[in-house]
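J.: Structure provided below as structure tokens; questions to follow.
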Amino acid sequence: MVTLRKRTLKVLTFLVLFIFLTSFFLNYSHTMVATTWFPKQMVLELSENLKRLIKHRPCTCTHCIGQRKLSAWFDERFNQTVQPLLTAQNALLEDDTYRWWLRLQREKKPNNLNDTIKELFRVVPGNVDPMLEKRSVGCRRCAVVGNSGNLRESSYGPEIDSHDFVLRMNKAPTAGFEADVGTKTTHHLVYPESFRELGDNVSMILVPFKTIDLEWVVSAITTGTISHTYTPVLVKIRVKQDKILIYHPAFIKYVFDNWLQGHGRYPSTGILSVIFSMHVCDEVDLYGFGADSKGNWHHYWENNPSAGAFRKTGVHDADFESNVTATLAAINKIRIFKGR
């Protein structure tokens, strides 16, 4: 008897919902065109009405990063028009951006940037990676995997691998740590001094902090003439040319100005990865950021938990960057998984 009542209640609920939705859509359609009961026309009208209902949402995720008017703090900082990747079409830097970028890692006599970029795009494609272009509808889930020791014994691996995109950075290994950090990598952010060998299908995103960084990537896949920047670097790398992407210097400045408010000398690869992902993804989850549960700052592949010299260089403001990501999580723009 109880089962019959539950079944009856479900049927009645479904009928009421169906009548309400049908009435709503028909009334809405009536204001646009004369209502017709031809099946094909009905489907078209319902489809158009659904599009109108969801058009104000930039994605189909529970929380869409690009959705505005939910946080004044976010709206003041997030600028969707700033392009994260350098291409042949957007390669010209404004003077103030160029002067600022030249100061990040000073060179004695940097070569002409325009000539360097022209040579760069003779060797690598000068187009945006089609994978990274935002879709009009959908939910692109991305994992940004940092290098914190809090990933050890976290068992996040399968969860990380379930994302559409998995972004890693610098010298981060996966071999030997698969259970905690996963095996999947779609994009890997590096600069010449932090490069590591990548998988065949991994897109390399070069983060250039100086002119020679752009020259190095050309050299490393052709002549192999550059072996030193401010420290020895790999002479040759094995990366497919169509898998090489360049982080836009103007986007680095955008992160520094808008998100870091001028804190630190320039942004870390970690925060650059986070803001980059917010511009190409609909939903972003962070793993391996911050200290472990004991307050130690170290890399997950290191056996010395008390390490953490990277926080003491004076180049990056780790505390301010951490506050930015914490605020983004508090307003439901990203999620942070803190591990152990």
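Cβ coordinates are placed from backbone N, Cα and C, and glycine is handled just like the others.
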J.: Disulfide-wise, see what Swiss-Prot says Cys142 is paired with, picking from Cys59, Cys281.
T.: Cys281
J.: For the substrate site that Swiss-Prot assigns to Gln105, Asn147, Asn170, Tyr230, Tyr266, Gly270, His299, His316, which of the candidates Gly138, Gly157, Gly290 is also assigned?
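T.: Record source Swiss-Prot; matching candidate: Gly290.
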J.: Looking at Asn27, Asn114, which is the one Swiss-Prot tags with N-linked glycosylation site?
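T.: Comparing Asn27, Asn114 with the record, Swiss-Prot tags Asn114 as N-linked glycosylation site.
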J.: I want to verify the bond table. Which candidate from Cys59, Cys139 sits on the other end of the disulfide that Swiss-Prot records for Cys64?
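T.: Disulfide pairing in Swiss-Prot: Cys64 with Cys59.
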J.: Check each residue in the chain of Gly290 (substrate binding site) that is at least six apart in sequence and keep those whose C-beta is under 8 Å from its C-beta; list them in sequence order.
T.: Gly146, Ser148, Asn150, Ser322, Ile336, Lys338
J.: If one looks at the chain holding Asn114 (N-linked glycosylation site), which residues at least 6 apart in sequence have a CB under 8 angstroms from its CB?
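T.: The answer is Ala91, Leu92.
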J.: Tell me whether Cys142 (disulfide bond) sits in a helix, a strand or coil according to DSSP.
T.: strand
J.: Within 10 angstroms of the C-beta of Asn201 (N-linked glycosylation site), what count of other C-beta atoms is obtained when all protein chains are considered?
T.: 10
J.: Sequence gap of 6 or more, Cβ distance under 8 Å: name the residues on the same chain that satisfy this around Gln105 (substrate binding site), in order along the sequence.
T.: Phe209, Lys210, Tyr230
